[in-house]
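*Asks:* Annotations per Swiss-Prot:
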| type | residues | note |
| --- | --- | --- |
| DOMAIN | 1-136 | domain 'Globin' |
| SITE | 29 | site 'Involved in heme-bound ligand stabilization and O-O bond activation' |
| SITE | 84 | site 'Influences the redox potential of the prosthetic heme and FAD groups' |
| BINDING | 85 | heme b binding site |
| ACT_SITE | 95 | active site, charge relay system |
| ACT_SITE | 135 | active site, charge relay system |
| REGION | 147-396 | region 'Reductase' |
| DOMAIN | 150-255 | domain 'FAD-binding FR-type' |
| BINDING | 188, 204, 205, 206, 207, 389, 390, 391, 392 | FAD binding site |
| BINDING | 268, 269, 270, 271, 272, 273 | NADP(+) binding site |
| SITE | 388 | site 'Influences the redox potential of the prosthetic heme and FAD groups' |
């Protein structure tokens with residue numbers, strides 16, 4: 001554990017960190033990628049370009065400094081990051097590289113003196129050991145499961161199915177013909193790619209979209225404007241191609257008893273982890289109320305509508321409601337949605353009034369903030385609201 005002097009020294013730097021903001025982590029990443037360019041094969045460079053990862057790292061550093069006397073308060077964040085790290089196959093020696101560049105960044109930007117650098121070195125060492133220990137546990141758990149594996153494993157694309165104008169699903173089965181590890185509904189799969197034309201290896205996480213079956217995996221990918229990986233998958237990946245996958249991971253998952261009511265609330269491609277949850281609830285014959293609330297721009301980009309309806313018909317207590325923000329004339333003629341405009345949960349208050357109900361949210365951050373605010377205003381306990389951010393985590 002850290003001594004009182006080290007803690008006091010680290011906490012004394014908080015005002016400087018806050019004043020500097022993400023400029024600190026921008027300098028850190030620029031320095032690290034200059035001296036250790038091999039790490040570009042691991043980090044999501046798209047998140048570097050748009051600044052999301054720099055902001056996320058700064059928030060993590062500031063949170064650590066603020067809670068250095070209360071490390072248990074950081075454990076939920078540690079779990080989220082450790083799960084993601086295993087999908088990137090982060091190794092203990094890479095923490096030494098990060099530590100070196102973090103201390104060098106503090107020195108180059110602030111010239112704080114050796115006492116401060118030594119204190120931050122000790123503090124970083126404690127945090128790094130927490131991550132290394134937890135990630136070793138996750139790696140062991142993944143390798144020890146039936147159908148589990150270490151590192152990455154080659155899988156063949158056995159199905160590629162357009163689901164909307166923007167979303168395509170991909171099904172994978174292992175090249176070795178063996179079984180595959182189970183996962184919790186809501187978790188994601190690590191997809192490792194370096195096809196011809198890519199400057200660096202690219203690693204992405206995509207939510208698994210159905211109940212585990214031990215035979216293979218299914219994900220669904222939204223084609224993003226300018227998205228290197230999503231566009232390659234949509235336009236160039238074909239049935240028969242081989243990709244490498246890291247084992248399922250993630251701290252966002254559904255774990256409820258059969259008599260626990262559930263609401264699955266999503267927008268756009270945020271429905272993907274919800275599909276795995278709904279599929280699981282349906283196949284396990286969930287007896288309590290299940291709600292499926294989904295928002296989409298219109299019918300052209302609304303994926304998996306038929307699958308959701310089919311699964312819903314197998315549940316004894318199922319309510320579905322779909323909002324289209326800007327429905328097309330065809331949508332209005334066919335009446336394939338329930339409400340026009342933004343999601344308004346107050347109209348469905350009776351369906352979400354059970355105090356035991358668990359709420360799972362996924363979609364753009366602004367949407368989740370909007371939905372969570374409505375839920376709280378309707379009397380839902382914050383502890384019953386669970387959410388997943390695609391990309392670096394943000395607090396709602």
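Using the three backbone atoms N, Cα and C, a Cβ is placed for every residue, glycine included.
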*Asks:* Going by Cα-Cα distance, pick out whichever of the recorded positions 84, 95, 135, 205, 390 is nearest to residue 268 (NADP(+) binding site).
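*Replies:* Its closest listed neighbour, by Cα, is 390.
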*Asks:* As a test of the contact definition, list every same-chain residue at least 6 positions from residue 270 (NADP(+) binding site) whose Cβ is closer than 8 Å to its Cβ.
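*Replies:* Listed in sequence order, they are 361, 362, 363, 364, 367, 368, 388, 390.
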*Asks:* As a quick check of your reading of DSSP, tell me how many residues in the domain 'Globin' (1-136) are helical, how many are strand and how many are coil.
*Replies:* 113 helix, 0 strand, 23 coil
*Asks:* So which recorded positions out of 29, 135, 188, 269, 273 end up within 10 angstroms of residue 85 (heme b binding site), measuring C-alpha to C-alpha?
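*Replies:* Correct set: 135.
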*Asks:* Among 29, 135, 188, 207, these being the recorded positions, pick the one whose CA is nearest to that of residue 271 (NADP(+) binding site).
*Replies:* 207
*Asks:* So, in DSSP terms, is residue 269 (NADP(+) binding site) helix, strand, or coil?
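*Replies:* The residue in question, residue 269 (NADP(+) binding site), is helix (DSSP, three-state).
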*Asks:* Restricting to the chain of residue 188 (FAD binding site) and a gap of 6 or more, list residues whose Cβ falls under 8 Å of its Cβ, or answer none.
*Replies:* 87, 205, 206, 207, 208, 248, 249, 250, 273
*Asks:* According to DSSP, folded down to helix, strand and coil, what is residue 205 (FAD binding site)?
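*Replies:* Going by the DSSP assignment, residue 205 (FAD binding site) falls within a strand, counted as strand.
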*Asks:* Of 205, 272, which of the binding-site residues has the most Cβ neighbours inside 10 Å?
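*Replies:* The residue with the most neighbouring Cβ atoms within 10 Å is 272.
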*Asks:* Rounded to the nearest Å, what's the C-alpha distance separating residue 135 (active site, charge relay system) and residue 95 (active site, charge relay system)? Just drop the number here, would you?
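*Replies:* Approximately 12 Å lies between the Cα of residue 135 (active site, charge relay system) and that of residue 95 (active site, charge relay system).
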*Asks:* Let's check the environment of residue 273 (NADP(+) binding site): how many other CB atoms sit within 10 Å of its CB?
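*Replies:* By my count, 28.
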